[in-house]
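Chemist: Just passing along the structure, written as structure tokens.
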Amino acid sequence: MMQTKVQNKKRQVAFFILLMLWGEVGSESIQYSVLEETESGTFVANLTKDLGLRVGELASRGARVVFKGNRQHLQFDPQTHDLLLNEKLDREELCGSTEPCVLPFQVLLENPLQFFQASLRVRDINDHAPEFPAREMLLKISEITMPGKIFPLKMAHDLDTGSNGLQRYTISSNPHFHVLTRNRSEGRKFPELVLDKPLDREEQPQLRLTLIALDGGSPPRSGTSEIQIQVLDINDNVPEFAQELYEAQVPENNPLGSLVITVSARDLDAGSFGKVSYALFQVDDVNQPFEINAITGEIRLRKALDFEEIQSYDVDVEATDGGGLSGKCSLVVRVLDVNDNAPELTMSFFISLIPENLPEITVAVFSVSDADSGHNQQVICSIENNLPFLLRPSVENFYTLVTEGALDRESRAEYNITITVTDLGTPRLKTQQSITVQVSDVNDNAPAFTQTSYTLFVRENNSPALHIGSVSATDRDSGINAQVTYSLLPPQDPHLPLSSLVSINADNGHLFALRSLDYEALQSFEFRVGATDRGSPALSSEALVRLLVLDANDNSPFVLYPLQNGSAPCTELVPRAAEPGYLVTKVVAVDGDSGQNAWLSYQLLKATELGLFGVWAHNGEVRTARLLSERDAAKHRLVVLVKDNGEPPRSATATLHVLLVDGFSQPYLPLPEAAPAQAQADSLTVYLVVALASVSSLFLFSVLLFVAVRLCRRSRAASVGRYSVPEGPFPGHLVDVSGTGTLSQSYQYKVCLTGGSETNEFKFLKPIMPNFPPQGTEREMEETPTSRNSFPFS
């Protein structure tokens with residue numbers, strides 16, 4: 001609650017505290033004068049000289065002349081810097097009877113905002129003659145009236161003021177009367193007729209005089225009225241009022257017909273000579289707001305009163321008896337001010353569009369006024385509390401509306417401000433004026449991407465100019481400051497040919513692949529994109545784009561072993577005594593793709609004899625499916641299909657030649673089994689090693705013996721033991737010697753040994769027979785018994 005009161009005090013400015021902030025205005029008010037009715041365009045003053053400004057400063061700072069009510073009595077010539085009359089001025093219309101007639105105005109300069117107080121005095125010329133309300137006045141005077149008796153006459157009116165106004169009255173030459181010029185309290189002059197010599201009805205029953213009103217102009221102007229005087233018979237008594245001066249106070253909002261006051265007069269005569277009737281004297285039918293009842297003397301309102309126009313009235317009341325004699329009294333009616341006028345607000349300067357980020361800007365300059373008086377004239381100016389604006393008093397009744405601090409268009413782009421002017425009368429009256437202030441944009445926000453990094457995917461073998469994705473950035477500014485242009489930034493990797501890989505649409509951020517991408521050559525790359533606005537200076541930001549090339553199944557499996565290059569296929573030897581599951585060979589293949597496109601599966605596509613051999617689907621091992629017999633053919637041709645897991649799948653085939661050999665014993669290569677239990681005793685490991693060494697020695701001796709016997713019996717055999725005879729060249733870099741299970745040209749087998757006591761696992765040694773010449777005769781082989789019987793182990 002306390003905080004709200006403090007804010008209200010900050011926002012409200014009492015009009016009656018007239019703070020003269022001379023830091024913003026000139027230290028003195030400059031005064032100019034001009035005669036009324038002067039032609040428009042007449043030179044009044046040179047502002048540059050009078051204000052002490054540099055030449056051209058008035059025009060560059062948008063000088064303006066501001067009068068109350070936005071009436072333009074003067075105009076500013078931006079070329080000559082002269083102040084000229086904008087129209088003919090009528091002093092009587094502008095100020096009435098008020099003298100001097102001064103019109104205050106302000107010279108308003110912008111950039112920065114500055115006030116200069118000035119005033120224009122309109123001097124009167126004698127353009128009006130005095131004028132009586134009636135061309136003829138009637139007076140009835142008893143012949144027994146003593147000399148020195150004064151008879152008030154109706155006054156003349158002159159719209160001019162000062163020396164040009166009404167100055168005196170004269171009367172035509174006569175022996176009975178002279179005229180006096182009297183002053184009223186408000187300064188107006190009225191005539192009084194003074195009797196100098198007694199009247200005689202029998203001698204002259206009627207007189208006609210001319211009353212002349214003269215002003216002080218040069219030459220003087222005058223007005224006349226005829227006075228007709230009727231001399232009456234003896235009548236001892238004239239009507240007399242109870243008071244010579246009556247006073248009344250009337251609120252300005254009294255209704256029409258309401259009673260103002262009642263005057264009364266009596267006549268001591270009897271009969272018709274004692275009957276009194278009332279009338280208003282010095283009646284101005286245009287401005288007179290009162291009427292009187294001729295019988296009762298009640299004075300009532302016939303027109304509405306307005307304190308702001310006339311604050312008091314001087315009324316003369318005349319009482320006339322039946323004999324024509326009259327008496328007069330004066331009535332002063334003071335009009336009481338009522339708070340019947342709401343404050344007025346006049347906007348002199350207003351900027352509807354203000355830039356953001358400036359600490360303090362003058363938005364509007366306005367003046368306030370209230371036609372009431374006293375307490376009813378005091379006003380308070382205020383705006384809403386929740387706005388970043390302040391009201392500051394300027395000069396006299398002027399106020400400036402300024403920003404409280406820098407505004408942010410992105411937070412709020414428009415403000416509706418209601419200026420409230422409230423007077424302190426009872427009841428309080430107020431005036432409101434709403435203005436709309438829009439905040440113009442300044443380029444203070446860089447574009448912001450919707451994501452700090454983008455990940456895009458494109459499948460390889462794409463068509464050139466393919467739209468692969470988009471980046472998007474927004475700018476909180478508006479207009480041209482919010483227009484974003486996209487670009488590719490130089491890559492951090494100098495070897496990345498970014499300009500030949502992708503491009504970006506500068507207007508919408510769409511990204512395009514410029515050429516077909518190959519996953520096998522380039523799986524992914526990163527680059528940066530920039531977003532720049534079109535403000536001045538331009539602001540920018542950047543984002544990281546990661547492009548991932550998706551693999552397409554565009555590579556068929558490639559068979560490494562056995563070699564499928566069009567040369568003569570190699571032959572695998574299998575002893576007829578081989579057990580089911582005997583490893584014949586292993587098809588080794590690779591796929592240049594990745595992921596599931598590189599997952600290979602194997603299957604036996606063709607075989608000379610179905611059911612004799614089988615292919616493991618996942619590793620390509622070719623094994624015997626059953627026991628061999630003498631009835632099985634000696635030569636077999638197997639076609640193994642290698643297929644990837646792509647969509648659609650791609651495949652390749654490998655052709656194998658298998659030769660069944662009688663009486664040739666080979667070590668049984670069992671299927672992979674689970675490792676022995678870890679809990680076996682260490683002593684068992686020692687026994688297994690000794691047993692394995694004995695069996696291996698016996699097995700090696702048996703093999704050598706078997707090979708020697710077979711070579712003797714089969715002179716046409718081209719090789720001894722289990723080996724592959726390549727009938728064509730086989731590239732050395734494709735031989736699998738890493739223990740993957742692929743059979744090379746040399747015959748391979750594994751000897752199972754146990755490891756250390758810690759593992760209780762078997763290890764396998766791989767004796768490898770050196771390659772034999774692809775062609776040879778039994779005689780040549782007999783000449784090299786070392787080759788036949790040598791089985792080096794590695």
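For all residues, glycine too, the Cβ spot is worked out from N, Cα and C.
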Chemist: Which of the listed residues, ASN416, ASN461, has Swiss-Prot annotated as N-linked glycosylation site?
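Modeler: Record annotation (Swiss-Prot, N-linked glycosylation site): ASN416.
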Chemist: Among CYS101, CYS329, which cysteine does Swiss-Prot link to CYS95 through a disulfide?
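Modeler: According to Swiss-Prot, the disulfide partner of CYS95 among CYS101, CYS329 is CYS101.
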Chemist: Could you tell me which three-state DSSP class ASN183 (N-linked glycosylation site) falls into?
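Modeler: Strand, per DSSP.
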Chemist: What residue among the glycosylation sites ASN46, ASN183, ASN416 has the most other CB atoms lying within 10 A of its CB?
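Modeler: The largest 10 Å Cβ neighbour count belongs to ASN46.
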Chemist: Can you give me the Cα-Cα distance between ASN416 (N-linked glycosylation site) and CYS95 (disulfide bond) in Å, rounded to a whole number?
Modeler: 38
Chemist: When you measure from the Cβ of CYS101 (disulfide bond), how many other Cβ atoms are you left with inside 10 Å?
Modeler: 22
Chemist: I'm trying to understand the geometry here, so how far is the Cα atom of ASN183 (N-linked glycosylation site) from the Cα atom of ASN46 (N-linked glycosylation site), in Å to the nearest whole number?
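Modeler: A Cα-Cα distance of 42 Å.
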Chemist: Measure from the CA atom of ASN46 (N-linked glycosylation site) to the CA atom of CYS101 (disulfide bond) and give the result in Å, rounded to a whole number.
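Modeler: Here the two Cα atoms lie 22 Å apart.
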Chemist: Roughly how many Å separate the Cα of ASN46 (N-linked glycosylation site) from that of CYS95 (disulfide bond), to the nearest whole number?
Modeler: 26
